[in-house]
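S.K.: One structure, as structure tokens, below. Some questions next.
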Amino acid sequence: MKIVEVNHPLVKHKLGLMRAHDISTKRFRELAAEIGSLLTYEATADLETEKVTIDGWCGPVVVEQIKGKKITVVPILRAGLGMMDGVLENVPSARISVVGVYRNEETLEPVPYFQKLASNIDERMALLVDPMLATGGSMIATIDLLKKAGCQSIKVLVLVAAPEGIAALEKAHPDVELYTASIDERLNEQGYIVPGLGDAGDKIFGTK
């Protein structure tokens, strides 16, 4: 599995701000979108372009455009919505697919409860966004769902990732690509990433 920890100074600075215990909902939300935008920049660096001729201000001009690559942005409810606007800044024509996953309290297994996928998803590259890759359960379940629908090109964008989640994702789906602002130390006993960001969903939506 291709794993990219984005070591750009802007990414590291913004993520450092997000780790503050007393950060406001407004600021956390802004930074989640900003890092989402920067991760998208990295994740789309290998898109193929083609030369086309357009009418410029002084006549015909040859320019480069992305070659026929259809994209869908896939936020995992609910926290993934906090990164979506930042991703769309770079790929504004992308279709949006939404997936909801909950954890069964008895089996502790992730269970998809909602999905609304873009049309022709089998022809699209999916940018799957969620702030955290902790155990990897929700991410793996979502990728299972996307592949079942025919989507075979999937890139995962997360703010922070735990080694345990990375290992689980690589075992289940070695063909996906992972882009993260940080590979953190570990999971604690409650399944939170350390040092992590706390509960990203609560911080984005201002809930507890």
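Numbers run from 1 along the shown chain.
A Cβ is built for glycine as well, from the same backbone N, Cα and C atoms used for every other residue.
Note that the coordinates shown come from a computational prediction; the quantities given were computed from them, not determined experimentally.
Per Swiss-Prot, the features are:
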{"type": "BINDING", "residues": "Arg78, Arg103, Asp130, Pro131, Met132, Leu133, Ala134, Thr135, Gly136, Gly137, Ser138, Asp199", "note": "5-phospho-alpha-D-ribose 1-diphosphate binding site"}
{"type": "BINDING", "residues": "Ile193, Gly198, Asp199, Ala200", "note": "uracil binding site"}
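Help me see these features in their spatial surroundings.
M.R.: Of all the Cβ atoms in the protein chains shown, 25 others lie within 10 Å of the Cβ of Ser138 (5-phospho-alpha-D-ribose 1-diphosphate binding site).
Under DSSP, Gly198 (uracil binding site) is assigned to coil, being neither helix nor strand in the three-state scheme.
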S.K.: Report, as a single number, how many Cβ atoms besides its own are within 10 Å of the Cβ of Ile193 (uracil binding site).
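M.R.: Cβ-Cβ neighbours of Ile193 (uracil binding site) within 10 Å number 28.
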S.K.: Distance between Ser138 (5-phospho-alpha-D-ribose 1-diphosphate binding site) and Ala200 (uracil binding site) at the Cα atoms, whole Å?
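M.R.: Cα-Cα, rounded: 15 Å.
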S.K.: Measuring C-alpha to C-alpha, could you say which of the binding-site residues Ile193, Gly198, Ala200 are within 10 Å of Ala134 (5-phospho-alpha-D-ribose 1-diphosphate binding site)?
M.R.: Ile193
S.K.: Which binding-site residues (Arg78, Asp130, Met132, Gly136) fall within 10 Å of Ile193 (uracil binding site) by Cα distance?
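M.R.: Of Arg78, Asp130, Met132, Gly136, within range: Met132.
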S.K.: Centre the Cβ atoms of Ile193, Gly198, Asp199, Ala200, go out 8 Å, and tell me which other residues of that chain have a Cβ in range of the uracil site.
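M.R.: Same chain, not in Ile193, Gly198, Asp199, Ala200, Cβ within 8 Å: Pro131, Met132, Tyr192, Gly196, Leu197, Gly201, Asp202, Lys203.
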